[in-house]
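Each remark here refers to the structure printed beneath this line.
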Amino acid sequence: MRSQDLHQRLADLGAKPLHCGRIVRAWLQGRALDACTARQRAEDFLPLGVRHGLPQVAAELEGIARLHSEHPASDGSSRLLVELADRQMVESVLLPRGGLCVSTQVGCAVGCVFCMTGRSGLLRQVGSLEMVAQVVLARRRRAVKKVVFMGMGEPAHNLDNVLEAIDLLGTDGGIGHKNLVFSTVGDPRVFERLPRQRVKPALALSLHSTRAELRRQLLPKAPPLSPEELVEAGEAYARRVDYPIQYQWTLLEGINDSLEEMDGILRLLKGRFAVMNLIPYNSMDGDAYRRPSGERIVELVRYLHSRGVLTKVRNSAGQDIDGGCGQLRARATQGTAERRIPARQA
């Protein structure tokens, strides 16, 4: 089901645009579809046919996604394993201070070598209302004021559905445009389409290395943009929407944590409208990668920050409960057969 399908479903019951707006807003806030306002009861506002049909609509919306399990962590985050209607699983993460990270695909075709999600390949796309349903489930647990499309999947490979979800959350969902974050490895279509949207989200770009060859090794199926081209495209978008690009850098000991790489970051980002997020690697079973020591991470942050690049450390939420992206899903689906599909282009 997509957004237009929901509106058509309500229209078939006799709902006018004003009625649809209230019903959709109630759902997006995690409330009952016939939730009244302080000044008006549902029976005084919604047509009889709509009121009679709402229980069935509510059941259909509940069937889009359900909470399979919740895993609170010591850092205040909570990982949600969400089961979709076809029994596929995706993850979303409730973050401290009102944030939520949602998944846009079941699996991923990019195949980043340090990501658990990429190991399964792409299984299927997540629909726009399946993304929104992750927000609804989260809002029933705590307030959500920021949504980052940074969970399982590459949003650029499911662009139509992601942009539709962003539009819905940025309008009827009541989330500020700067608090909607589109994360991508850097697909040219993103830079073409995002500036034309009614809701223009913040942008996070996966950099991970300033050396083109190493970046290709780390992100083997990412579009062939050089680090320089990626930063130029990001800067143009940042200046257009007037908020900075977040550059993502997963810190891998002995691979991309050298001073040579840090000098490359300074070369690319100094003077840019940008924030560098250093993300210490979250170890997975059976892999050869490690995060640098805490002392080394502090050293790198100080090196960049003191030379003019705003730098933050972003630890993966819920590290004590298999917090790496895709790890909960991998554990839940262990032993089940899965079929990979090629990425559907937007």
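Each residue, glycine too, has its Cβ placed from N, Cα and C.
Record features, source Swiss-Prot:
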type	residues	note
ACT_SITE	E91	active site, proton acceptor
DOMAIN	94-320	domain 'Radical SAM core'
DISULFID	C101-C325	disulfide bond
BINDING	C108, C112, C115	[4Fe-4S] cluster binding site
BINDING	G153, E154, S183, S206, L207, H208, N282	S-adenosyl-L-methionine binding site
ACT_SITE	C325	active site, S-methylcysteine intermediate
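Features per Swiss-Prot, on structure.
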residue	record	contacts (Cβ under 8 Å, 6+ apart)
C108	[4Fe-4S] cluster binding site	C115, T117, G118, S120, G121, L122, M152, G153, E154, H157
C112	[4Fe-4S] cluster binding site	G118, V185, S206, L218, L219, P220
S183	S-adenosyl-L-methionine binding site	V148, F149, M150, P155, L203, A204, L205, S206, Q248
L207	S-adenosyl-L-methionine binding site	R215, P227, L230, V231, Y247, Q248, W249, I265
H208	S-adenosyl-L-methionine binding site	R215, L218, L219, Q248, W249, T250, N256
Can you tell me how far the Cα of C101 (disulfide bond) sits from the Cα of E91 (active site, proton acceptor), in Å? 8
CA pair N282 (S-adenosyl-L-methionine binding site) / E91 (active site, proton acceptor), Å rounded to integer, equals 16
Largest inter-residue Cα distance among G153, E154, S183, S206, L207, H208, N282 [record-listed S-adenosyl-L-methionine binders, Å]: 19
Quiz question: given the recorded positions C101, C115, which has the greatest number of C-beta atoms lying within 10 angstroms of its own C-beta? C101
Find, for the listed recorded positions E91, S206, the residue with the lowest Cβ contact count at a 10 Å cut-off, counting only other Cβ atoms. S206
Simplified to three states, DSSP reports C112 ([4Fe-4S] cluster binding site) as coil
For the binding-site residues listed here (G153, E154, N282), tell me which residue's CB has the most neighbouring CB atoms inside 10 Å. G153
Local confidence of the prediction over the domain 'Radical SAM core' (94-320), expressed as mean pLDDT: 95
Please classify the secondary structure at C101 (disulfide bond) using three-state DSSP. strand
